[in-house]
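See below for the structure under consideration.
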Amino acid sequence: MTVDPNAATQGVPSPEPAAGGGGAARYLVPALVAAAVAVALGAYGKVHAPAGTAFNLAGFSSTGAVKSWLATAAFALALVQVVSALMVYGRLPGPGRAPALHRWSGRLAFLVAVPVAVHCLYALGYRSSEPRALWHSLLGCVFFGAFSAKMLLLRSERLPGPLLPLVGGLVFAVLTVVWLTSALWFFRTFGVTV
Amino acid sequence: MKRSGPLLTLLAGLLLALCMLTLNATTGTRAAPYAQGDAAAPAPASSGPPAGEPPGPSPSKTSAGTSSASPSPDVPPDADYAGRTDDGSSAVAVSLREGRAVAYFCDGRDREAWLKGEAGEDGGLALTGERGAELTGTLTGRHVRGDVRVGGRTYAFTADRAVEPSGLYRATATVRGAEYDGGWIVLPDGRQVGVLGRDGERSAAPRIDPEAGAVTVDGRRLAVRPVTP
């Protein structure tokens, strides 16, 4: 009944760079990795019997509160992502350090989001019993897939102009819905608690 | 030369996820907040109404399971479930600990029942309560599906896995000679269904604050505790 929690993650293929960087592989590999990551996460959430709970952080009243604040931090960093991306592309006036800002705020947002996802998948699992849970579960998996694709695309040079902004925008949009259906819902339901 | 930054970012995330999974798996559910149930469990029985009082539910029944029913390794995992009856009129919550189960049914107005019993290795539940209340159900990993019979009516229900702050709560207190006994089911969507008995007179219960573990009744703040078998 209980699945080794480490087993499913082994199903996530370690992101291999496109060998040789040949034409179609530049797009195919990120797309396949994205699909594999999303499906693997969803399958793990569905197959693994939810543990109900996981360890909490000191100082917070509940894991729900911890996750909501971490998710909110990730969302705030995602807003920084949008603004700094506009700077990188020259749509907004920005400092010369805009690319570094974009890179590091993105990294931080991702690393902040990972524990939230681990808790979701480990303690709650993939749920489709109500629309909010369904959309959150679905898009939560899609987010990490899309993010993986975005990271892998960055390794290719001379991509078609609008591709990176499009994928980045998709990652941001998905994260927004994931946040709306979790942290915002939590704060509205249980109050803005620490 | 290809940029390795994005790859390192992904690998760092993967590593972090694996670390947390390992921590979770090795810590286990024992360290979970609900594992403090040792302290919370006797609470419902502490100030229940006298056994001779007909309308009051008997919380003392929940403490009867202190016999050394040694938990077999095959019993269903400790968990809480909460959901509604199929007709939408009422809510049902089930709490499992080491093979023992306690369940609560209430319609949010004046009908309620506390039930208790054992959970079988096959995930089967057969619980009984006062005045012929019965609950039969089957446990699968994420929900309990079954029927509960209360007051001559049978309700089919489905209860999903509930994680704090949703779940089953109870408050019992004696204030100026009046016996209060309230039961609440906090559904996974955050809604609450509760019934409060004042000297056995039941009515809709005010909302509780599950995070703070408190409810304000008639201007007084009462402690609310998660219910475990």
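Glycine is no exception: its Cβ is also placed from the backbone N, Cα and C atoms.
Annotations in TrEMBL come from automatic prediction, not curation.
Small disclaimer: the values here were computed from a predicted structure and weren't measured.
Annotated features, as they stand in TrEMBL:
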| type | residues | note |
| --- | --- | --- |
| TRANSMEM | A:27-49 | transmembrane segment |
| TRANSMEM | A:69-88 | transmembrane segment |
| TRANSMEM | A:108-127 | transmembrane segment |
| TRANSMEM | A:133-154 | transmembrane segment |
| TRANSMEM | A:166-187 | transmembrane segment |
Feature contact check the transmembrane segment (A:133-154) with the transmembrane segment (A:69-88), CB under 8 Å, 3 or more pairs: no
The transmembrane segment (A:27-49) and the transmembrane segment (A:133-154) contact flag, 3+ Cβ pairs under 8 angstroms: yes
Cβ contacts under 8 Å made by the transmembrane segment (A:133-154) with residues that lie 6+ beyond its boundaries: 15, 17-18, 26-27, 29-31, 33-39, 41-42, 45, 110, 113, 117, 120, 126-127, 163-164, 167-168, 170-171, 174-175, 177-178, 181-182
